[in-house]
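Working notes, beginning with the structure itself.
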């Protein structure tokens, strides 16, 4: 593809959920309540698991990281979506869009990989309960989590790099409420 046909973009415009101003206020309040509930529930889960010594097991270690991933990808999208519901200017800089996409992809990928690790953890607990504490030591749990985050970041970097290297011709509008690649 010729580089001359590509124009450099400095920003995108997120079209959002609706143009109806009456619905926007209701949506804002509803989404804000859902976001705050999500934030408090996930933070509560993380704090509860960290503070209770009886919950210092691999299952709860992974569950706290699952809450962390959910918290992070909700926070990558939620605040910008809430601002755009009430703002007249719904633009997002090109770099901001790429960063939002990277963070969202990283933590969604982490959540998917973490669910596989949690299934492996339960498999080890059921198939060989006497060796479970040896097989799933804190070192193994740490290495599994490090692997999850490294693989998720690598996958997200690949997707983000390839997506934002494309030529964006035509409209600068994204028919969505956050920076995402359509299916």
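Cβ coordinates are placed from backbone N, Cα and C, and glycine is handled just like the others.
TrEMBL labels come from automatic prediction, so no person has curated them.
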Tell me which of 1-24, 25-48 corresponds to the transmembrane segment entry in TrEMBL. 25-48
Apart from its near flanks, which chain residues at least 6 from the ends of the transmembrane segment (140-162) lie with a Cβ under 8 angstroms of it? 58, 61-62, 65, 98, 101-103, 105-107, 109-110, 113-114, 117, 120, 181
Same-chain residues at least 6 beyond the ends of the transmembrane segment (60-78) with CB under 8 Å of its CB atoms are 31, 35, 38-39, 41-43, 45-46, 49-50, 100, 103-104, 106-108, 110-111, 114-115, 117-118, 121, 138, 141, 145, 148, 177-178
